[in-house]
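**Student:** Just lifted these from Swiss-Prot, have a look:
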REGION    18-78  region 'Disordered'
COMPBIAS  31-51  compositional bias 'Basic and acidic residues'
REGION    169-191  region 'Disordered'
DOMAIN    214-492  domain 'Protein kinase'
MOTIF     317-331  motif 'Nuclear export signal'
ACT_SITE  Asp341  active site, proton acceptor
REGION    521-565  region 'Disordered'
Amino acid sequence: MDDSSINKELKQKLNFSYCEEESESEGQEAWETRDAHSQIPDRAEGQESEAKFTPPGPPLSSVHEVGTFQEKTKKSPEQVLMTPVSGFRNYPETPAQPDSRSKLLDCESPFTPKGLLSQSVISSTEKIPSRGSKHLRFTPVPFVDEMTSSALVNINPFTPESYRKQFLKSNGKRKTRGDFEEAGPGEGNVEQGLPAKRCVLQETNMASRYEKEFLEVEKIGVGEFGTVYKCIKRLDGCVYAIKRSTKPFAGLSNENLALHEVYAHAVLGHHPHVVRYYSAWAEDDHMIIQNEYCNGGSLQTAISENTKSGNHFQEPKLKDILLQISLGLKYIHSSGMVHLDIKPSNIFICHKMQSDSPVVPEEIENEADWFLSANVMYKIGDLGHVTSISKPKVEEGDSRFLANEILQEDYQHLPKADIFALGLTIAVAAGAESLPTNGAAWHHIREGKLPDIPQKLSEEFYNLLKNMIHPDPRERPSAAALARSRVLRPSLGKAEELQQQLNLEKFKTATLERELREAQQAWFSQEERGDAGVSGTPTGSRSTKRLVGGKSAKSSSFTWGKSSP
């Protein structure tokens, strides 16, 4: 019986129909190799007959056996044939069984068991690293997720440039990963890839924070962009003003507009003449801002009540309002921002709550802490139109208080636009009629003419208001100048006069001390010259004897006086 017939019968038993031609050739090569190494050719026929009835080998029990066997088959056919297998001890010269196993592992036959096929794919590849902590730590996929999530962080446009660069600068601690090392040069573009993202404003499926944390008391205001509610926080029991945007976020531009006020509040921080900001979040596609509650309402409400009763704010109160709002504007302008919507409805009043403990007199005598003792505080609120002085993106406010240069899109003197609006606000608080929104009367005011005020104001105060609405913004006083104006702070003028007198007295004292030192130096120098002249005379030897003798005489009088007769 030849080799080909034996090989065909073995293939029929294994039902190996997909790789017949390949198995024939390989089987024949294996027999030729085996015959070359055999030392007893006489037994070949008997062994061939026994190979006809060789049963299939036992199934592989583990992935380890498959991988081990495959590694052996990959070395060389000779090594595979010469390796003794425990399942073939009775048939040491049977080549078909290991060859069939290699076919099961290497050929994707329709009759190949799926388990063996999948195991062969695994074993044919390189060693898979363990999914331990080290593998997870250095895989780039989670790091890509971190970079993606960091792109969802909003960049506050009002943050100072130096602080923003420091904030965006990487500290290099995460640069152990290869992908991040390659992406290192693009770190400077982080800011460009961090716009206001819509997902930053969206809440996940969770209970309403507004309903969970706050108890709504009443509605206290309605504006163009939102409604304000008086609420009590359930946790601390304090009262807050919660502002909810009227319109939902329909697009990215509306989101930026809604975030504008949050950005401004966050950068400004806390100031006694700016409404305090606590937190903000998005809920049901609406922006919600938690602010300080001002128990006195708005200045517009107070003006309306005065108009109904026929009263007006008197000049001392008007000066107080102007001074406090000027201090708030000074702080905003010094932070590199402008409000651009100063008007009575955006100025809020806080009445000081009476304390059970008496106020220590020393605490209110300091001029620098005068606002701590004020019974009424005036604060600037509604920062929805705030923009940067250096990079303005102007959103026009109320046209009744709008400066002409803003209408002409001249943004070179933006802080002076707030001064213009503040001057008209004080005029309205003084009793002026409702301001025009357009027309000849509107332009009449922009020419530097105050509206009619029913009460008599002092000349200096009236002129100050006129300067605040001067047609040329450069001629208007700054917020810092208003804060130190003697018209608004007479006591500050007296203090300055006293300070000047003190400085003059200090100068006089310093002059006298200098003259005294010069006189002392002249006297000492004269004494030194006198001593030098006496020691330099021609009869120096005689004078020396006399001086010595004189000294000796004096000493003898003290020493020998008692013993002399």
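Any Cβ shown, glycine's included, is placed from N, Cα and C.
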**Student:** Same chain only, sequence gap of 6 or more: which residues have a CB within under 8 Å of the CB of Asp341 (active site, proton acceptor)?
**Tutor:** Asp382, Gly384, His385, Gly397, Asp398, Phe401, Ala421
**Student:** Could you tell me the mean pLDDT over the motif 'Nuclear export signal' (317-331), as a whole number?
**Tutor:** 96
**Student:** In the motif 'Nuclear export signal' (317-331), how many residues does DSSP call helix, how many strand, and how many coil?
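**Tutor:** Helix (H, G, I), strand (E, B), coil: 15 helix, 0 strand, 0 coil.
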